[in-house]
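Novice: Quick paste from TrEMBL:
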BINDING   74-81, 138-142, 192-195  GTP binding site
DOMAIN    65-245  domain 'Tr-type G'
Ligand SMILES: Nc1nc2c(ncn2[C@@H]2O[C@H](COP(=O)(O)OP(=O)(O)OP(=O)(O)O)[C@@H](O)[C@H]2O)c(=O)[nH]1
């Protein structure tokens, strides 16, 4: 995978614009062993331990009324991970400044300073002389990782809604609020970064009251960075948030929240126990697959995997099986497990909604001999991330590969990084495409995620309807950049839905935009024109009819399937010209002329020619004989024509890689 392509994907991703300004990796030191997936091996003894008798005794003594399971939700960069660190320090789960001890983090998270996987930890906290068993989940803030956020909600009963005092409520705060609210979580307002000179906690509280009806009197104002007032958070959680419900006396009912792969133990499951007790040696069954397992070990994340004797109703912890589960595909998140023999008694939990991929790319090995190895690596990563879809694909130009679906371009880019970092993969990635829809005359609907399968010309369009996906984008922007942001949205085929003057200086804009425009560096441009101050969030807004066509690149009349793309007709001319000019740079001169064209169906919209190399066929004639010279040149011309007719230009993988790099 080329790094510049990754960069371009990143710049097109839906990061908060502000998050990209001078960001330092700021991950919780306690990022757990869960981040080990694929072929990673954990340093022996580093990540596992057995809870001390004292810890076990304290946990056993806590009744369920004194459990609190909560997550932290916020917009990107508002300080979730920093606050999580502080809470772990306060509860003595980690020592202050312990960061360097725990190096077990995803490289990609550390490099980019973003949370990709939800992280989870159990804490014990003594409040007014009594122990409380707390379970904390730090969730990713980026919209691309929302599937992670949603499954985290299922392991908790309440959420700290964290808002940056200087930025106030932003796009993702709103989206995450509604998601948490819809899940029935109890919400506790927290205003962070009150230490900043630009902090305006009063405004943030007002916004939370107006928009979410959250009572400012219940809010906690903190600085996660300096630790100011952080000690007030846990008492607020204990007093305001509800304990989990469930019964120890009922048969076991547990929900699978997440899973990851360990080279020694097989698949490890993160589970929430709704009813009953789970112990090593128990025989359990998966409702979905009907497969039975014997429990090998159970434990809590503290913050690393720490074995305990049992997990009780209300707790969140891990378990693995003996013999170990080998395939993560057997551990579909959202599945319910119960003890063998209780399948008819226990009512399974509601499953998780399957996330729908928004962006697709084709991936092909640079070196074909790597295919089998890469296939294994991709399978491992895909089974760890339920929001990635995978299909085999074959391209005439690039050979065998895969079509991968992601929740957004950042998600795609992080996946590529992980493949490269954790599996040493080298890939050619095609331009991202969104899922288009066609409706055939007989009413049959078809989603097309590979441009090569999109109908190619106007004659075919008469037989069907073409639709493209739209999103409702929520953009939060300071008023001084409003004009430029509106211009950007309009020039990206956007339709204004709502404009709200949020505070004296902040505006919230809602625009309906084609998803394809959003994928095409919309965020990078938004970031540029707002000097990094705008933030973006979006949600699915369904399909609409659109004059979308497939642009093909032809080399000597042969279409190059790896490069074709579906786009709005208004973009065809400009893109076509760019394509042919750029592709010319990668075509070697041949003994015959090479014609590069961009076309929609039969209509050619741009053309470039790579002139033939003229071999000096008359070199061996020393002067004189003009007729002989003409004869030879004539023969050469004939030969060229023949070559041109049969000549197929060979374009190597490196050239495709070069072309597909932005
Ligand atoms: N001044 C100040 N900076 C803070 C505070 N809390 C966090 N930060 C900084 O804000 C940046 C983002 O903090 P994170 O904790 O990574 O934010 P996050 O919400 O976990 O980010 P994502 O997981 O990527 O969504 C880091 O540079 C932190 O040091 C605070 O209370 N005051």
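FYI, residue positions are counted from 1 along the chain as it appears here.
Just so you know, glycine gets a Cβ as well, placed from its N, Cα and C.
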Novice: Could you check what DSSP calls residue 77 (GTP binding site) once collapsed to helix, strand or coil?
Specialist: coil
Novice: Out of 74, 77, 80, 139, 194, which binding-site residues lie by ligand 1, with a C-beta less than 6 Å from some atom of it?
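Specialist: The qualifying binding-site residues are 74, 77, 80.
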Novice: Among 74, 194, all listed as binding-site residues, which has the most CB atoms within 10 Å of its CB?
Specialist: 74
Novice: Count the other Cβ atoms sitting within 10 Å of the Cβ of residue 80 (GTP binding site), across every protein chain shown.
Specialist: 26
Novice: So how many other Cβ atoms are close to residue 139 (GTP binding site), meaning within 10 Å of its Cβ?
Specialist: 28
Novice: Quick check: in three-state DSSP terms, what is residue 194 (GTP binding site)?
Specialist: coil
Novice: For residue 77 (GTP binding site), what is the tally of other C-beta atoms lying within 10 angstroms of its C-beta?
Specialist: 26
